[in-house]
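Pulled from TrEMBL, these are the features on record:
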- 12-35: transmembrane segment (TRANSMEM)
- 55-76: transmembrane segment (TRANSMEM)
- 83-107: transmembrane segment (TRANSMEM)
- 146-162: disulfide bond (DISULFID)
- 194-219: transmembrane segment (TRANSMEM)
């Protein structure tokens, strides 16, 4: 079945879009994976929502690969049903991405509410809970900081991770401990990542609007061609 010149242009645009769509799926998988990995060290002080958004982005990225294959097949075979199915699939993925994007920004605002309280509550469990020890050691070493609001939060016992260099006696003291508090660094870290997740979800969804328009335009052209053939 021969398509009109306009329909052929839309077909080419749809192929080009699918290439961009695959790349966007790859980007979502990378962003979700990169953010999910450091989050795992802080699971003791984070709500489950902080982990669900990176996982959702990875899931959406995988779906995008499948949907892109459907779109390419529909355009190549000039199949009306597959092209319409591609458009519907894009719409569903679009809704998922917008939901993930909104959730990312909601989590960004939620960070300040839950983080400080959870950090403060975790300090007494440093010596008894491996997960708490791990998160504090990683945070203090990574951000060169000590305690929630400062070294005094440790009530005399100062973890070795509060010091960049440990003296020969193996004890980290207040005089050589990091002067910066950890709360500000961690708050910025989680807010930045939440905003990145939200921006990725909403930003890539804008691209998909073009794909939806292209797919329905091509499907409409294919449908009209079928109608003209039936009349002939």
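Keep in mind that glycine also has a Cβ here, set from the backbone N, Cα and C atoms.
Pairs of Cβ atoms less than 8 Å apart link the transmembrane segment (83-107) most often to 194-219, out of 12-35, 55-76, 194-219. Listed by sequence, the residues of this chain that lie at least six past the ends of the transmembrane segment (12-35) yet keep a Cβ under 8 A from its Cβ atoms are 53-58, 60-65, 67-68, 71-72, 75, 193, 196-197, 200-201, 204, 207-208, 210-211, 214-215, 218.
Annotation note: residue 146 (disulfide bond) sits in a coil segment as assigned by DSSP.
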